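Quick look at what TrEMBL lists:
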- A:Glu124: active site (ACT_SITE)
- A:Asp30, A:Asp123: Mg(2+) binding site (BINDING)
- A:26-205: domain 'UmuC' (DOMAIN)
- A:Phe35: site 'Substrate discrimination' (SITE)
Amino acid sequence: MTGSPRGGRPPPGPGGYLDRSWDCPILHVDMDAFFASVALRDRPDLRDVPAAVGGGHRGVVLSANYAARAYGVRGGMSGARAQRLCPQLVSVPGDHAAFSTVSSALRDIFRRVTPLVEMASLDEAFLDVRGATRRLGSPRAIAELVRATVHDEQGITCSAGVAPTVSVAKIASRRAKPDGVLVVPPEEVVGFLHALDVEELYGVGTATATRLRRAGLRTVRQLAHAPLEELRAAVGPGAAHQLQVLAWGRDRSELHERRGPQEPDRSMGAQRTFARDLTEREDVLRELLALAAKVTRRLRAGGVAGRTVVLTVRYADFTTLTRSRALAEPTDVTQEVYAAATALLDALRREERGRPGRRGALRLVGVRVEGLLPSARVHRQRVLGEREHGWSDADRAMDRATSRFGAGVVRPAALLPGADGRAGRRSGDAPA
DNA sequence: TCTGGGGTCCTAGGACCC
DNA sequence: TCTGGGGTCCTAGGACCC
């Protein structure tokens, strides 16, 4: 499709193009069944056997290999359903450290091609290859080079989409799967998009797709030609504009380099679905403490502190609520986050009390800390010797012990087995 | 089809301040 | 005293992605 005469050239100006490789500057590279591929790399015996990472009681499949996909097993599906579809499905545990290691190696491979890399997640990235064509050839040739390098060095396959914009490249790589390349040159963008159903657009999920369908818009072509007023009525003004931008392939082609160390994550959180719904406050509090400890450990490891604590609660009927509270100052202290989460939980219980059809048993609780700042920028205004310093010191002592002896050797007394006579049971399955 | 866990971004109303 | 508008923060919820 794209001819690729070599030769560097400034970005296309009003004078038009001679070198077509400028037209498709964006490469989207996406690993095929990433978590399953990495987990199964060293298991040739499972190569052609249906296998999945994750699943289990109340769990979902994180990723399935293509043998399992042939049975209809998909990532995001409940473990129970996957087993029903494919009774011989083999479940393997995920290895988060391995996923991170491979992800870093992938980033290095991409950076060898171009410095303009936007990592979209652990296993996918956008590459601006405008400046690499003189050295490496056409965007298609670069895509094949990246795929071959990933395969040689990491032993997994990936697919690539090549297009003038980020969203079109993303859709193209999805349609190139598995182990393929799809190039969509500018003159084919509109035709390519307009043949799709609306849910294939990047950013259109089930909720938006349902609204569009209700408005009689099933294809991207219909969406592109829908009167703006009609679209606004269906999805709201902001989304309406954005959808038509996407439907005509006019989204961005500039990449945002991922946040570096100088710009921390915006939030960190942890949540947990229980093997059995919880009804006792003490049980819930113990989970909250464990979650607060987990989140603040990550905050401290990342050198950040946050000012807003968010509690998430999911009832047995799947109703999910969040309540949040801004603290006076950012914190990374377990006991402060735990105290805020507890206060939010108790306030919620008071809200619930006396309300008809109260929901009672909890299926899940979560703790998230938002508004993160580098800890160095947090000047604690406390008077020296105030109690929180004690808690903070305790946290840091725990961090040191944990890094020396491994997770779980030191934990708050309330989390010790048998601390309240309930034998500290850990509900739920092992983390994937 | 009985639905995980980690995130990001957007919207919208109300409080509060200037 | 009344009124208007803008900006920012807080809170809750929703949608989406991998």
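One is the number of the first residue shown, and numbering goes on along the chain from there.
Glycine is no exception: its Cβ is also placed from the backbone N, Cα and C atoms.
Unlike curated entries, TrEMBL annotations are predicted automatically.
Worth saying up front: this structure is predicted, and the values here are computed from it rather than measured.
Features recorded in TrEMBL, as mapped to the structure shown.
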residue  : record                          : DSSP class
A:Asp30  : Mg(2+) binding site             : strand
A:Phe35  : site 'Substrate discrimination' : helix
A:Asp123 : Mg(2+) binding site             : coil
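The residue listed as 'active site' sits 4 Å from A:Asp30 (Mg(2+) binding site), taking the C-alpha atoms as the reference points. Ranking the recorded positions A:Asp30, A:Asp123, A:Glu124 by how many other Cβ atoms lie within 10 angstroms of each Cβ puts A:Glu124 at the bottom. Rounded to a whole value, the Cα-Cα separation of A:Asp123 (Mg(2+) binding site) and A:Phe35 (site 'Substrate discrimination') is 9 Å. In this view, A:Phe35 (site 'Substrate discrimination') is surrounded by 27 other Cβ atoms within 10 Å of its Cβ, with every protein chain counted.
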